């Protein structure tokens, strides 16, 4: 009897895509959440896994698990994949829209780390009644100090309270926490826009030509405070969401965690890149009549940073509603419930085959 190959726990999304494309002309097997009512030779019940959330999503990937009946030799991993490999690939694809919705949050973070320092430099940095001056760049430590202080309170107070109110073991579901954080991002930008408008009105000479007093740099604290709350809910919720997804894939949790952490840092990089692109687009769209755009003078008293912040607030609101749609789509389609049937034109590869290949 041939010796079975040891199961490979690595995640192979490339092989799944290549195998699905190479068998694109195969008819995808229909699913069934009840194996007892599955037709003979139908691998859909194995694909669905009983409670696999994304069984009815990305159905074209199921073709990667269909064994070609004409082949008499074992197929390579680039033409035949296991059930677990396709489930992992589907999970990665389903998580991508959720991660993409956090890019705007990191775009706001990039703006707060740049323009807020310029704002602070144009404000009164003295800490009355002493002569100590607050370095404007040090205000960026407020969100992270809040995380250090509020994460323990979050776990010890908020989660138990939410558990009593909702009856859920986690208290607040990870996707709900991310949604709260994305909503707070918009409030942070609205606060930043209001403060910048007040600062600009105080700094620009009045009608009489006399310069008004500068605002205190402490006026910038509320926007950092609200953004710190946003990061608390968004990042903690995202980490819990990733942990749940990784732990649901038996035998590949470490590999899935590596993919998810890559997604997490990609969100940061795309957010900072979008920040630069957004500044250029706003400047180009608002320039005209020989005048530079809202951020083209490099002088906050002449620029309209407050309007730019309102644009970011509107973008955050739009991103929040997009997130609601993505979260609803993610939660949709519990285990497969399609009609029974076999996969014509091919056989379903079993997990027990000698070459270790199987079908979802």
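Keep in mind that glycine also has a Cβ here, set from the backbone N, Cα and C atoms.
Whatever TrEMBL says is automated annotation, not expert-curated.
Listed ranges 97-118, 119-140, 141-162, 163-184; the one TrEMBL annotates as transmembrane segment is 141-162. Of all ranges given (58-82, 258-282), TrEMBL attaches the label transmembrane segment to 258-282. In TrEMBL, the transmembrane segment annotation falls on 307-330 of the listed ranges 307-330, 331-354.
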